[in-house]
Amino acid sequence: GGRMLWLLLCLLPLVACSRTVAQDAVHKEKQHDEEAVATTTRRPHIYYCRSPNMEDFTCWWHPLDGQTDGEDVAYILTYSKEHECPDYVSAGANSCHFDSRHTSIWTIYCMNVTAVTARRNYTSQEHCLDVAEIVQTEAPVNLSYTLTDAGGDEMGHNALLTWRYPVPSDLQYGWITLVYELQYRRITEPDNWKVKHPLREPHVELLGLPVGDYLVRVRCRSHNYGLWSKWSSTLSISIPTRPPTGKLLVLILVTGVGVVALLVITFGIIPQSRRIKDYFLPPIPKPRIIGIDPLLLKVKHMIHCCFQGPLPAISSNFQFQPFSVQKNR
């Protein structure tokens, strides 16, 4: 009986040791499986934050990658001592929007996003920002042009370009003062952009553009800080060879004056041409024979017309009665 008790006491440590080894093996296998899952699953990542006006801002993150199909995942964004995101909806999926009540330009925001799954949670690296450093304005809109005065085809043409900011209300508080950058190039020169920068006003005049086709685009940013906006829609400009508007106007005026003058000549001078001719070219007088009175010839002609045919015979009893003319005393 004593030998059996002694043998039992010797075997107990071996059994306990084997049980511990088995538990350690199971734990290591489970830990290895978790590490394998973590390796194949990409953590969420905050990749972009933007404020259009320093009054509010939004951050976006890449979602958890590599999870099992159909697995439910919830995201929680926390910032500055465990404050949770105020708005997960306004900016769309995988985003957090901070309105003006939750935005301060004097605060550094440090945040991370956690993906909550049934197996475990995955937390992104911490992302810190200053609102002033993430200001990115909207792209300008309504880019257009007008051809202005020109010096002819040799001197080139002038083009006035204008545009506007799409959200004027972002500028009314005075936090942002915009500067613009305009680029233009010939269509046939894709890598030869010419730059006009910085521009304080939403317009600029390009002087002496040679005849041809051009592409123009413009962008903007805050004067003191922030990122450039996206480029505006590209505008095509065609510089024609025909005279500019100013010369066409002169040509039209000259043509109009010529037409009016022609009408005046046609309807005013031609009907009065006989009088004008008589005034500038008087009739040539007929030649006169000395000793012949044209008036007497005219009277004789009239008498001849009245008494054509043979004269009546004078009676023998006809007597000529002389008469005398008495002068009045």
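Glycine too: its Cβ is placed from the backbone N, Cα and C atoms.
Listed in TrEMBL for this protein:
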type: SIGNAL; residues: 1-22; note: signal peptide
type: DOMAIN; residues: 139-244; note: domain 'Fibronectin type-III'
type: TRANSMEM; residues: 248-270; note: transmembrane segment
Checklist entry - Tell me, what is the mean pLDDT of the domain 'Fibronectin type-III' (139-244)? => result 88
Checklist entry - Residue counts in helix (H, G, I), strand (E, B) and coil for the domain 'Fibronectin type-III' (139-244), per DSSP? => result 4 helix, 57 strand, 45 coil
